[in-house]
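What follows is a short report on a single structure.
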Amino acid sequence: MAAGRSLSRSERKAAARAEFLRQEEQRERRRQVSRILRKPAAERSADEAMLLSGCQEMVRDLERLRKKRERLRRRLEEVCDEPDELKRKVSKLSAVVRGAKHLIVYTGAGISTAASIPDYRGPNGVWTMLQKGRSIRATDLSEAEPTLTHMSIACLHKHKLVKHVVSQNCDGLHLRSGLPREALSELHGNMYIEVCTSCIPNREYVRVFDVTERTALHRHQTGRLCHKCGAQLRDTIVHFGEKGILQQPLNWEAATEAASKADVILCLGSSLKVLKKYPHLWCMSKPPRHRPKLYIVNLQWTPKDDLAALKLHGKCDDVMKLLMDELELPIPSYDRMKDPIFSLAVPLQPEEECSHSRKPVTPPASLHEVQLGEEQQMRPDPPSGGWFGRGCAKGTKRKKNS
Ligand SMILES: [Zn+2]
């Protein structure tokens, strides 16, 4: 066709059709090549081998994609170090813990799996299940108790070996292990704390039950009122898809301050996929050699693995048990009698007694427990809400409907 002449309508149509056919042919060729590549080289016919050598660029492209898929699959796999290797690594870690000037700990759902709370991105984690379109059963989380890892961290803090803990978990188990509140930043909230944001400073109410049964994404009111000013209380949870706005219990300032002083960061049971998005926690503004040394304990790959001084593939409780042995510190066992939640909790007023249906944490084997058990049976069906992945489930549903 002559340059400068615009195409007629039928010419444009013919060109579009030719382009469509060319693309279709290309797609079919790609499918063919991909099929052949899946066969072992020895089983390919002469014709197939010729076809491959005729589209080398496509072969390279498909190989690259296959490797990428393989890499992503491997990242999700849970890997365990051999016992001897894990021991060697923990021995190195214990020297680091002893020598650190300002050690801080970052924790994720992996430290609570031993307390029967599912993790987030593990094979049966909350996120993984929701990704597969499966629903999550609300397990009774008030039954959960601090794990060996929680107790070890509290003990390390008591011995001044750990300065601060930053947790993504909302299960309240760090607090219940006896770790003082000022040493803890709960980035995504705490299921046992509700807050009055009308009172200045914000008034906190620690409860002995999950306060989030009515709350969800962008819906934070718990249904109870502030004893002081009468305003609606809200949960402290950063639901999936939200940003945290509260001072406490998020304690964000303390987290960034601790990070700025840290020479060692120990990450326990977190995929770090969310934490990596907070550059302050990693001192990314400092030159690399002035950033804290990273030690990561996780079964799966994390995006910080390449930057870690040491990566330990093991269950948190196994690693912490070995670590505390090395440090010759006995791990305190959890004692419900001494659970700080009972002294921190603000009791409900008589008219609020029926304002929740979640099973409370109770002191062991008391008459109180028997009475509460009976009361529980008489309560109507509980509303279905809460921090435990529900915000996420609701968000997904809403998306589908719109
Ligand atoms: Zn108030």
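Heads up, the Cβ atoms here are built off N, Cα and C, so glycines get one too.
Predicted automatically and left uncurated, TrEMBL annotations should be read as such.
Tertiary proximity for the region 'Disordered' (1-39) is limited to same-chain residues at least six positions away from its ends with a CB under 8 Å from its CB atoms, namely 48, 51-52, 55, 58-59, 62-63, 66. The region 'Disordered' annotation in TrEMBL covers 1-39 (among others).
The compositional bias 'Basic and acidic residues' annotation in TrEMBL covers 8-28. Sorting each residue of the compositional bias 'Basic and acidic residues' (8-28) by its DSSP state yields 20 helix, 0 strand, 1 coil.
Look at TrEMBL and you will find 29-38 tagged as compositional bias 'Basic residues'. Per DSSP, the secondary structure of the compositional bias 'Basic residues' (29-38) breaks down as 10 helix, 0 strand, 0 coil.
Here the coiled coil (55-82) has long-range neighbours at 29-30, 33-34, 37, 89, 121-123, 299-301, 312-315, meaning same-chain residues at least 6 beyond its ends whose C-beta is under 8 angstroms from one of its own. For 55-82, the entry in TrEMBL reads coiled coil.
The feature domain 'Deacetylase sirtuin-type' is assigned by TrEMBL to 83-330.
Residues annotated as active site, proton acceptor in TrEMBL: His188. Secondary structure from DSSP puts His188 (active site, proton acceptor) in coil.
The feature Zn(2+) binding site is assigned by TrEMBL to Cys196, Cys199, Cys226, Cys229. Less than 8 angstroms from the CB of Cys199 (Zn(2+) binding site) sit Cys226, Lys228, Cys229, Ala231, each of them six or more residues away in the same chain.
Under the heading region 'Disordered', TrEMBL lists 353-402 (among others).
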Arithmetic mean of per-residue pLDDT over the domain 'Deacetylase sirtuin-type' (83-330):
89
How many neighbouring Cβ atoms, not counting its own, are there within 10 Å of the Cβ of Cys196 (Zn(2+) binding site)?
22
Give the subset of the recorded positions His188, Cys199, Cys226, Cys229 lying near ligand 1, defined as CB under 6 A from any of its atoms.
Cys199, Cys226, Cys229
Around the Zn(2+) site (Cys196, Cys199, Cys226, Cys229), what further same-chain residues have their C-beta within 8 angstroms of the site's C-beta centre?
Thr197, Ser198, Arg203, His227, Lys228, Gly230, Ala231, Leu233
Inside 10 Å of the Cβ of His188 (active site, proton acceptor), count up the other Cβ atoms and send me the figure.
20
Other than its own, how many Cβ atoms are within 10 Å of the Cβ belonging to Cys226 (Zn(2+) binding site)?
18
